[in-house]
């Protein structure tokens with residue numbers, strides 16, 4: 001851990017768990033003027049699955065199988081195996097050798113149902129989504145979840161997705177930027193935080209700007225946050241790595257008519273939940289077992305660095321930024337942090353947040369990792385490039 005020594009604080013927290021939340025790993029992009037970075041983003045996404053194994057053709061129906069007029073046979077369970085995935089992460093040593101079998105066992109288990117009732121409470125139920133839909137005894141609970149989500153009383157959100165906003169230490173007068181916000185569950189959580197800490201009947205002075213590159217995802221973001229009925233939210237549509245500087249009026253009386261009364265908006269808190277390969281979502285995205293390859297993290301590393309560097313540029317002196325992904329890959333996590341610290345020099349520092357959320361199970365981040373390339377679908381060749389850093393990341397969950 002690094003001791004505090006500079007005026008700008010950068011909290012780089014890694015949400016890297018077995019079964020992370022849904023990431024922006026396959027989202028589209030919008031064409032815009034001066035769009036070289038956007039084209040790079042589009043190309044990275046288009047090539048993300050390039051070396052993935054092809055989908056095998058369906059097997060011909062066996063003799064006596066059900067025809068179109070008969071009941072369909074039960075669906076075959078997905079194959080939860082990928083030799084390249086296991087070989088790659090064994091090399092990276094993201095878990096201890098004696099924990100490997102237990103780790104892989106967890107990855108093959110379905111996620112439980114989780115939802116947030118308000119900003120300070122969360123419920124964790126050991127039922128899979130399939131059980132909620134099919135079990136007759138749980139049918140009423142499933143209907144309850146759908147109805148209460150629609151009216152805004154609860155938010156259906158995976159437990160791991162609730163963690164990054166908690167490390168921001170949001171206050172009711174903060175200016176907050178969610179750089180890659182869609183679909184909006186964490187934005188909604190931030191809005192709950194700023195409203196919860198104010199006296200009843202008084203509106204907070206905080207501002208949350210929720211940004212996303214994709215226009216359709218912005219529509220989804222608006223749909224998911226409008227249940228809050230708040231005036232403290234602005235939704236923007238920009239590439240996060242090129243998010244523009246914003247101006248803020250010093251007072252409300254005619255300030256916008258006088259440019260001299262405008263000041264540059266700097267953010268007290270920034271949530272940098274970047275696009276990623278999403279292999280931490282493997283517990284719910286079974287297709288990831290088939291599509292995963294070792295080059296996925298390499299393709300997004302530069303974009304992740306650029307987005308995080310832009311976040312640092314927008315951060316107020318003394319502010320805090322939380323960096324998170326839903327990837328297990330150190331190339332998308334520790335390697336990004338190492339590059340941020342290298343580029344930023346002494347202008348930012350890592351924060352020790354071990355005393356925050358003490359019940360949270362975590363472990364030290366990696367200080368060394370290997371960069372690999374995919375030679376074939378299932379064979380990984382180590383290029384012999386080993387990165388050694390003299391710092392420790394905040395931790396892995």
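Note: Cβ is positioned from N, Cα and C throughout, glycine not excepted.
Those TrEMBL annotations? Automatic predictions, nothing curated.
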Annotated companion of 180, 181, 182, 183, 184, 185, 186, 212 at the S-adenosyl-L-methionine site, TrEMBL, chosen from 273, 279, 287: 273
Among ranges 49-77, 78-106, whichever one TrEMBL labels region 'Disordered': 49-77
Other C-beta atoms that fall within 10 angstroms of the C-beta of residue 184 (S-adenosyl-L-methionine binding site): 28
Rounded Cα-Cα span from residue 326 (active site, nucleophile) to residue 186 (S-adenosyl-L-methionine binding site), Å: 13
Neighbouring binding-site residues, C-alpha within 10 angstroms of residue 326 (active site, nucleophile) - of 180, 182, 184, 273: 273
Overall pLDDT for the domain 'SAM-dependent MTase RsmB/NOP-type' (77-393), taken as the rounded mean: 83
